[in-house]
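In what follows, a single structure is set out as C-alpha cells and then discussed.
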Amino acid sequence: MKGDTMNNKLDRRSQRTRKLIFEAFNELLAKNQYSKITVQSIIHRANIGRTTFYSHFQTKDELLYESCKMIFEHVFAEKVLVEATHDFSQSSDFKDYITHILYHLKDNKKIIKSMLKFEDSGVFMNSFKEYIHKYFSNVIQPVNTNNIDIDFINNHIVSSFIQAIRWWFHHNLKESPEKVANSYIYMINHLI
C-alpha cells in the first residue's frame, strides 16, 4: 500500500511538472519564433531544473511533438464531446466535423498562429497533416475518381484543408469556423 501512495505522489508530481513545461513552452511560442526558443528559456520560464526537463523530454522538438499530439488527439478523437465553444457531439456530418476542427484551432489560436507564421513549422505541420490524412482517409470516400489514385485525391483534399487553415489564420480568423467549413466543402464537393 505504501508503494502505491508513493507512485501516485510521483505520478502527480510528474504530471504537474509536465504541465509547467507545456505552459512555459506555450507562453514562449506565443511570443517567439520556435527556432528562437531554447531548452534553457523553457527551463527558466517553467522554473525547473535542466535534469527535470530532460527526464520528461529529450529535445524541444519532442516537446513540440507532444504539444501537437495533445491538441490533435483531442481534436481528432473518435467521440466528439460537448465543448464550451461548440457542440457537434450528436453529428456525424463531415462539414460539422470540419467546423469542430476549426473551433479547436481557433480555441488554440495563439499556439497555432505562432506555428503557422514561421518558416520552422515543419514538426507542427507534419504532425497536423498526419492526423488530418488519417481522419480524412477514414471518412472520405471519393465518388468521382476517374481512375485517379484515391491516395492522390485524399492528399489533395488534405493539402487544400491545410491551405484553407493557413489562409484563415493569415486573415486573423475574421471568418467564422462555419463559413470557412462551408467554403472548404464547396471547393472540394466535386471530389467527395
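Residue numbering: from 1, along the chain as shown.
A Cβ is built for glycine as well, from the same backbone N, Cα and C atoms used for every other residue.
Any TrEMBL annotation is an automated prediction that lacks curation.
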Given the ranges 38-57, 78-97, which one is assigned the annotation DNA-binding region in TrEMBL?
38-57
For the domain 'HTH tetR-type' (15-75), the DSSP helix/strand/coil residue counts are 51 helix, 0 strand, 10 coil
Summarise the model's confidence over the domain 'HTH tetR-type' (15-75) as a mean pLDDT value.
90
